[in-house]
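Colleague: Among the features that TrEMBL reports, transmembrane segment is placed at A:21-42, A:110-131, A:138-156, A:190-210, A:240-258, A:279-307, A:319-339.
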Amino acid sequence: MSIMTADKQSVRHIPDRLSTPIGRLLGSWETLLAAVAIAIFIANSLASPHFLDPWNLSDATYNFTEKAMIAFAMTLLIISGEIDLSVAAIIALASTAMGAAAQAGFQTPALVGIGLGVGLLCGAFNGLLVARIGLPSIVVTIGTMSLFRGIAQIVLGDQAYGGYPPSFAWFGQGYMSDFSWWPTLPGFEVVTFEMIAFVLFAVVFGILLHRTTFGRWIYAIGNNAFAAQFSGIPVQRTKFILFLMTGLMSGFAAVCLTSRLGSTRHTIAAGWELEAITMAVLGGVSILGGSGTILGVVLAAVVMGLVTFGLGLLNVPGIVMSIFIGLLLILVIALPIVFRRIRSRASA
Amino acid sequence: MSVVQAAAQDPTPLLEMRDISKSFPGVKALDHVDVALYPGTVTALIGENGAGKSTLVKILTGIYQPDSGEIVVDGKAVHFGNAEAAIRNGITAIHQETVLFDELSVAENIFLGHAPRNRWGLVNWSAMNARAAALLTSIDAPISPYTRLKDLSIAQRHLVAIARALSVEARVVIMDEPTAALSYKEVEDLFRIIDRLKRQGKAILFISHKFEEVYEIAERFVVFRDGRSIGAGLLSQTGQDEIVRMMVGRSVDHVFPKTEVAIGGTVLKVSGYSHPTEFDSISFELRRGEILGLYGLVGAGRSEFCQSLFGITRPSAGSLELEGRSIEIRSPSDAIAAGIVYVPEERARHGAVLQMPIFQNFSMATLAKTTRAGFLRQAEEFALARKYAERLDLRAAALSVPVGTLSGGNQQKVVIGKWLAARPKVIVLDEPTKGIDIGSKAAVHGFMSELAGEGLSVIMVSSELPEILGMSDRVMVMREGRMAGIWNREGLDAETLVRAATGNE
């Protein structure tokens, strides 16, 4: 029993979009975050006379640049529906390996290679267990979190590695003006190497996620891995690559952090996995996977950096800062939901 | 039969919904509808997807509150503030996809939330298991209350869902497309249960897209269209054509738009395809322009076989030849590259990414066509989506809205369109019209004919006999993973297929 529709001849036109670009911009999470960032910036400059000093501001970026590099890769991983809790432990292991290599007399290029290589290997190990064997990533990376940091702890005990070559300091302590061959514009002397890396990675990850086939696969997998598989998308391979990338970015963050601190202890970067995840979630990435943007994470990184720095200038102790970050996260997540509920109740 | 006749004449409804309206932002889901349910009577609620049937069910079960209108039970106006209030008033529902819990036992599933207690306030396990066993016996379901749900078949789970619905003291039973996942024989079993409920004097609201079922089981009907009740009455006094007219608001042109297509040479040759557990020694040839119907009971291995053609499951033996060349398919991307595509049965689970925009779903399987060196070209994606949206007569507010906001029929159009963009040689449609409304069904059927006319080869898995008989050039029947035979369209009747599928030869 079936019938034909009578009005089939007339082709109805379907518009591409319902809202205008400006309408979408105004309603977006990113706009809200940008407003929060500006508000905190203004509040900070009112609260402390030292805040607007360019060198202070430049210093402030260290609060978030390294964590944000991990958060970018973590963002892709979370959107795909996975997670990596071992990123901070990878930093510890990579830093330990670099420290040991520096003791053995290796020079800067080799140290960087070792840092990145250890990150890549750790990422491959996570990826293999998740994508190949099919274990849940939260379980795998809770395990490797202890494993990687455990190795660092056995090697280091309560000792510290130091004695990195002087040129190694450049990654974590270098400024734009340190490049003699680079024509530094006036006013840009305060820009650090890490800031440039942060912007560069933001652009690279932004393009990768939002403008490439690979990025589209990530969203499809995170929203419906079955449908993605049924559309011919290589689900497991994509996930493996994402773990590799997260490992590699952790390795890179290890290079920057080790270079900045100039020494390695086994507690290095403790708790960073949660800060990177907080950045991603604050940036609008759904912890259930499937949605989020790099721009949001960039803004979230700036917000968290500004809050930490502003409170630091006011001599607020670290434990209060973490309370503040926690409250901010809950507030920013809860507010839009509460507003939506109020609005729908008003219209009902 | 006397109870039924008495009930049909009985003018006092057990439950009445009067002048019910319900709006959501931007859409009026129900617009002053009236529905009456009588004791011992099955009332069929008929309407296209989006006509407001689900909203009505949700109001009746206390999940939504109506904006205006009243619900009257036994002549008294009642108000259901929540789902519990509806249950207290003796209203229970068996949903399309009832949520059950895999790891719990059958008895726990049946009594979850209202388990019998002992005097310490703890679950009275022996009473619960005994009552579950009694309930299951009362619906002729040979299932032990101690079995874990995950060990049951789909049909058995369905019986558990029914038992759960009946575990409360229900006088009104709502069945929302209860037969959607059931095979021919299982539907008959369900109908026996419904008959029993009727004899117990319960009022039943039966929602189905299938006319044969409605006429077989129901006495009364209500037709909804665009949120309004269009007509109601006795089915014995109303013809199918009239009901279809009420449903769609336009006249019926013709049944199955199967056009005669010149059948060409062999495109796909399957030889001895086997799987350790699901199917065995499947061999056939598929020709150019041909629609091959694949009929069988649920669990006969049809989907599993089709998925192996698409690289989701790997066969343990057998070979494939596409246009004379031997091919091996290890993954869906192999299949797509070779020109074999698969429209899965479970649209929401396997077919579409509901949260993502329409245009991104259209381009999902063929991203290489709308990208340059791995970079997306949004304008080209929109162009591709527009082309297939227009060709399939998609009804959507915009191409950037999530697929999940569309009706089932329109979602299916997106999934089919996604695969047309891949320019396939062979398209496998697994239950392509399951659970979609009659208008979209006709569009899908018309489209299938069109594709065959363009030289595509179609394999259509279906459990609906009229669809199989109406659309197929040849019909292959599978039974318990094996081929039970292949028939040509001419002179083929439903009995032959059912006998082959059930083994009653």
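Cβ from N, Cα, C; glycine included.
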Colleague: Tell me whether the transmembrane segment (A:240-258) sits in contact with the transmembrane segment (A:319-339), defined here as at least 3 Cβ pairs under 8 Å among residues 6 or more apart in sequence.
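Modeller: Counting Cβ pairs under 8 Å, fewer than 3, so no.
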Colleague: With Cβ-Cβ distances below 8 Å as the criterion, list the same-chain residues six or more beyond the ends of the transmembrane segment (A:138-156) that contact it, or say none.
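Modeller: Contacts of the transmembrane segment (A:138-156) (Cβ under 8 Å, skipping residues fewer than 6 from its ends): 83-86, 88-90, 92-93, 95-96, 99-100, 122, 125-126, 129-130, 264-266, 268, 273.
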Colleague: Applying the under-8 angstroms CB criterion, which one of A:21-42, A:110-131, A:190-210 scores highest with the transmembrane segment (A:319-339)?
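Modeller: So the stretch in question is A:21-42.
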Colleague: List, by number or range, the same-chain residues at least 6 past the transmembrane segment (A:21-42) whose CB is under 8 A from its CB atoms?
Modeller: 282-284, 293, 295-296, 299-300, 302-303, 306-307, 310, 332, 336
